[in-house]
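Peer 1: If you scroll down you'll find the structure; I have some questions about it.
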Amino acid sequence: MSLLDWFADRRKTAPALRPTPEPDEGDGLWSKCPECGEVVYRKDLIANASVCASCGYHHRIHSEERLRILLDPGSFIPVDGELSPTDPLAFKDRRAYADRLRDSQRQTGLRDAVVCGTGTIEGQGIALAVMDFRFMGGSMGSVVGEKITRLIETATEQQLPVLVVCASGGARMQEGMLSLMQMAKISGALERHRSRKLLYIPLLTHPTTGGVTASFAMLGDLILAEPKALIGFAGRRVIEQTLREKLPDNFQTAEYLQDHGFVDAIIPRTQLRSRLASLLQMHQQPAAVSA
């Protein structure tokens, strides 16, 4: 049997992968916390930044809610919102990539997995990109990379700090090398931004993995994370099989990374806006000259 025949036979016999089920969050009026089981009135949950008041569990939120939580009301100005991905490789696995894109666009109302623009946090200007895990797992394709790169370049020209809210499964395999190229492209734009002594803050949310972790998620001047966020490159099972040893229970969590020096601060979502405003203000102030 040839290698190609072996792969063809494996496709026929391999069991379909089951997607990880989303937590049961109710029918729109009530939401059940997957951590403590508390049933909460959804309006109260949203008013608390989608954080469980009983146990502090951070529910997954979409890009629109993230912008509402972080920015001053009415201050957001979208950038490059018209960019849409194509299918340059005519990629098809169990389904055509073009079909997956159409489904994600219809279900989320987004063109791709990131929303970019400028706004203000307590009156201070900022350029920000918010990744949305609902769109193909927040995967980074050519359009995601292009939008983030353009945003950073705009911020460099306008002397603005940059905030990227990361929520991604990594590079988008359906775009092959075009997806992997975005890691270097975004990193290059960040280096030019850094050379102008401008502030860059990545906010790592659950989950941040793969090529996003291996590039712009870990290049910040200050690296922030939400509590208990999953942050890593390869999956836990792959690492355990490679090392042939059991990993700690809290491995690849925000707390584990902070203990090992990879995350500067873990900030609850309810405090993010005020803490970011303080950081922006401190960065804008000239360094004090001691007498």
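In case you wondered, yes, glycine gets a Cβ from its N, Cα and C as well.
On a predicted model such as this, the values are computed, not experimentally measured, just so you know.
Pulled the feature table from Swiss-Prot, pasting it below:
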BINDING   CYS33, CYS36, CYS52, CYS55  Zn(2+) binding site
DOMAIN    29-291  domain 'CoA carboxyltransferase N-terminal'
ZN_FING   33-55  zinc finger
Peer 1: Cβ distance under 8 Å to CYS36 (Zn(2+) binding site), same chain, sequence separation 6 or more: which residues?
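Peer 2: When sequence neighbours closer than 6 are ignored, CYS36 (Zn(2+) binding site) has CYS52, SER54, CYS55, TYR57 within Cβ distance under 8 Å.
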Peer 1: In the same chain, which residues outside the set CYS33, CYS36, CYS52, CYS55 have their CB within 8 A of the centroid of the CB atoms that define the Zn(2+) site?
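Peer 2: Going along the sequence, the neighbours appear as PRO34, GLU35, GLY37, GLU38, ALA53, SER54, GLY56, TYR57.
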Peer 1: Of all the binding-site residues given, CYS33, CYS52, CYS55, which has the fewest Cβ neighbours within 10 Å once its own Cβ is left out?
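Peer 2: Each of the binding-site residues CYS33, CYS52, CYS55 was scored; lowest Cβ tally within 10 Å is CYS55.
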